[in-house]
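One structure below.
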Amino acid sequence: MAELRSNMIKQGIDRAPHRSLLRAAGVKDEDFGKPFIAVCNSYIDIVPGHVHLQEFGKIVKEAIREAGGVPFEFNTIGVDDGIAMGHIGMRYSLPSREIIADSVETVVSAHWFDGMVCIPNCDKITPGMMMAAMRVNIPTVFVSGGPMEAGRTSDGRKISLSSVFEGVGAYQSGKINEEELNELEQFGCPTCGSCSGMFTANSMNCLAEALGIALPGNGTILATSPERREFAKKSAKQLMELIKKDIKPRDIVTEKAIDNAFALDMALGGSTNTVLHTLAIANEAGVEYSLERINEVAERVPHLSKLAPASDVYIEDLHEAGGVTAALNELSKKEGALHLDTMTVTAKTLGENIAGHEVKDYNVIYPIDKPFTEKGGLAVLFGNLAPDGAIIKTGGVQDGITRHEGPAIVFESQEEALEGIINRKVEAGHVVIIRYEGPKGGPGMPEMLAPTSQIVGMGLGPKVALITDGRFSGASRGLSIGHVSPEAAEGGPLAFVENGDHVVVDIEQRILSVDVPEEEWEKRKANWKGFEPKVKTGYLARYSKLVTSANTGGIMKI
């Protein structure tokens, strides 16, 4: 074991004041020779995915003590994307990722911890902590709070939060009545945990296994299961082994490991937000990773599992089918799909972790020789509308649609788009453009779950494409193309589209383009008046000035 970092604050005559303060915090004489462990929690009462994490902190701390460490728990913030949806709150969601990363870095660096257990669960908390782990680069293990159970209606149908969002659109279009909508509301989110489909939170917690920074089971063991508590204990004790062997996050999160994470993402049809977050994590790990490489992964990795919101198969079903290890093991049967030699927090390779974990239900995880589709569940599109790329969750597109073209109908904000959709300005065949909603323009790159849910709920899902420099909830589905880069606020092409322009979305060819004569296009660019920031004070104003477009992960640069 390497010399303890924490000796910086606890050894030597000149550290007597430091030790005095540590004694006031409960440190005993016998503790000063032990590793000091940061327990980075994210317990918060208003977020159902985090409401139970106070208990997890206690479990983890006790396990650390039993394994010979001295735990110190601290908390970071969290935003519930579902509750923040559709109003100013959503503009704080992505920016909260940076606050989380900065706050974890600050506490760990200021106090010279020897190792860290991160306890995240929901959308921005997990990647925020991952970014911080790459920065501080001390032995770290991730223990998510676990997924929520799927809801069930009175007739036994499985539902989730996305069912409730889509229910609003169905009610407004007269497809269901208020009583039916109320039933969705009552049963959509039945327990604590991250929302029950392959949405952003569960996508990131599953990817943590493929990256190698969490033990097998992190992504799929239910929040309500006793197994989740045992998992937390096991993870905390494993951290002590990582300290002994001096295995750090940057030893684990390499270019190959990121390939593996995206391979799992492709196989399970994860949220488009995983691209945004994983690029940001790669940046903090010092790994250069391009959008083009993501398409290369998609070309060689098949889509093996179609999960909610694209189907009625939920994370609990994925767990019963063998979980992430089974999905990865099935993928490994195709040559070149995975790098099996990458290191993980088990102190073993990914290949060793997944060996022998066979699929238990091929109706949930398809066989490698009979995949759902031959190509992965995410795609990066390029073209004159997205020179630096745009993302679509192909696994969430209904009816196998691979191409859509039609006239643009342009909205300057999500709120304007929602009003237009509700007032039936959007018709079958349209390409809905929602611009000035990127990281800088939003600001904060708000999610477009409300517009996509309205479109699907009104029966227009397969008939309308939606393109934005904003992003989508993992609960979104349909022809939803987001992360368009450069964003409109930076003078990206999306700023120059006008109503009626002919727009082409071609998933197979990875194309996103608009048919406008060059002379007309240049005229529009010359007449563009630039972007006036929407928020001029507070954190969002600072964020808007420093943040970059989605193709870089939406990171902040000075």
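One-based numbering along the chain as shown.
From the backbone N, Cα and C atoms, a Cβ is placed for every residue, glycine too.
The Mg(2+) site recorded in Swiss-Prot includes Asp123, Lys124, Glu447, and the single candidate from Asp81, Asp155, Asp469 that the record places there is Asp81.
Taking the centre of the Cβ atoms of Asp81, Asp123, Lys124, Glu447 as the Mg(2+) site, the nearby residues of that chain (Cβ within 8 Å, site residues left out) are Val79, Ala84, Met90, Ser93, Leu94, Cys122, Thr200, Ala201, Asn273, Ser473. Neighbour list (Glu447 (Mg(2+) binding site), Cβ cut-off 8 Å, at least 6 residues apart, same chain): Asp81, Met85, Met90, Ser93, Gly470, Arg471, Phe472, Ser473, Ser476. For the binding-site residues given as Asp81, Asp123, the lowest number of other CB atoms within 10 Å of the residue's CB is seen at Asp81. Annotation for the binding-site residues Cys122, Cys195: lowest Cβ count within 10 Å of the residue's own Cβ, Cys122.
Taken residue by residue with DSSP, Cys195 ([2Fe-2S] cluster binding site) is part of neither helix nor strand, so it is coil.
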